[in-house]
Amino acid sequence: MVGVFSTGFYVWYWLLSLPKVEWALLTRKMRFNWAHVSYFIARYFHLATVLTIIVTTNVQKILLNCDSAAGLKVTAILGNTAVAAASTNLGLRAVAMWKDIRLIRLALAIICAVHGVFAFVMGLESVQSKWDPTHHVCMVLTAKGQPQLLGFYTFTLVWDLIILVFTLAGMRRQGLPSSSPLWTTVVSQGLGYVLISCAACIPMMIMVSLNLNNTMNVILTAPGGTICVITSSAFVTSLLEMRESDSASLASRPKPARAASLRKSDGVSHALTTHIELYASEGRTSCEPERDPADDDARTRPEFYADMP
C-alpha cells in the first residue's frame with residue numbers, strides 16, 4: 001500500500017513538472033547544460049524504481065521465481081542512485097560557488113562521485129533473495145545489508161549538511177548581499193532540503209536498525225526516496241524560473257540617458273580634451289556615469305548563477 005501511494009504521488013508530480021524542464025528543452029526555450037544531468041538521473045531513475053516495485057510486488061510469476069533477483073538488485077541500484085542524484089542537485093550549487101578554487105571544487109566533486117558509487121555498491125550488495133519453502137514465494141533478504149543501508153543513509157545526511165555549509169560560505173565569499181532574492185532562495189532551499197532529508201532518512205535508519213523483518217526494513221524506502229527526489233527537483237525548477245524572471249526583468253530595464261561627449265562627433269580631437277566624458281543625469285553633470293540599477297542586480301547575481309542547477 002505504501003509503495004502504491006508513493007508511486008501514484010510521484011507519477012502525479014512527474015507529469016505536472018514535465019513542462020518546466022523536459023518540454024522547455026525539447027522546444028528550445030531552455031539551453032541544456034551539464035547541471036541538468038543529475039536532475040534527469042534523479043527523476044527518471046526514481047520513476048523506474050517505483051514502477052518496478054509495483055510490478056515485482058504484484059505479479060505472481062515474479063514472486064514465485066527467485067531467478068528475478070537481478071531485477072531486484074537493479075531496482076535497489078536505481079533507487080539509491082536517485083537519492084544520491086537528488087543530493088547532487090544541491091551539491092552542484094556549492095561546486096559552482098567555489099569554482100575559482102580548484103582544490104575545494106575538486107573535493108566537492110569527489111564527494112559527489114563517492115556518494116554515487118556508494119549508492120551503486122550498496123544497491124548491489126544489500127539485496128539478496130531466497131526461496132521460502134513454507135510460503136512458496138521468493139523472499140527478499142535485507143538483513144545482511146543493514147550496515148550498508150545505515151552507512152548510506154548516514155553518508156547522505158552528512159553530505160547534505162556539508163553542501164549547506166559550503167553553499168553559505170561560498171555566497172558570503174562571493175559578496176552576495178543577504179537581502180538579495182538569490183541569497184534568500186538558495187539559503188531557504190538549502191536549509192529546507194537538509195531538514196526534509198533528515199525527516200526522510202532518519203525514519204528509514206530507525207526501521208533498518210530495528211530489523212523487524214525483511215519487509216519492514218525497506219518499507220519506508222520508496223516514500224523516503226520520493227520525498228527527497230521531489231524536493232530536490234522542485235528546488236531546481238524554482239531556481240530556473242527565478243533565473244528566467246530575473247533575465248526578463250533586467251532585459252526590460254531602460255539604460256540611463258547619456259549626454260554628448262566633449263569630443264567632437266566628426267572624429268576631430270578637441271584642443272582641450274582630457275579624455276573625460278561627461279554624463280548628464282537629472283540636471284547634474286558628473287565625471288562619473290550614473291550607476292545603472294542593472295549593474296547592482298548583476299552584482300547580486302554573480303557569474304556562478306548561470307551554472308547553478
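Using N, Cα and C of the backbone, Cβ positions are placed for all residues, glycine too.
Copied from TrEMBL, the annotated features are:
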- 285-309: compositional bias 'Basic and acidic residues' (COMPBIAS)
- 282-309: region 'Disordered' (REGION)
- 6-25: transmembrane segment (TRANSMEM)
- 37-56: transmembrane segment (TRANSMEM)
- 76-96: transmembrane segment (TRANSMEM)
- 103-124: transmembrane segment (TRANSMEM)
- 149-169: transmembrane segment (TRANSMEM)
- 190-212: transmembrane segment (TRANSMEM)
- 218-240: transmembrane segment (TRANSMEM)
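Comparison of 76-96, 103-124, 149-169, 190-212, 218-240 by number of C-beta pairs under 8 angstroms to the transmembrane segment (6-25) places 218-240 first. Contact between the transmembrane segment (218-240) and the transmembrane segment (76-96) is present: at least three CB pairs lie under 8 Å, with pairs separated by 6 or more positions in sequence. Outside the transmembrane segment (103-124), and at least 6 residues removed from its termini, the chain residues within Cβ reach (under 8 Å) are 73, 76-81, 83-85, 87-88, 91-92, 94-95, 145, 148-149, 151-152, 155-156, 159, 162, 166. The transmembrane segment (190-212) shares the most Cβ pairs under 8 Å with 149-169, out of the stretches 37-56, 76-96, 149-169.
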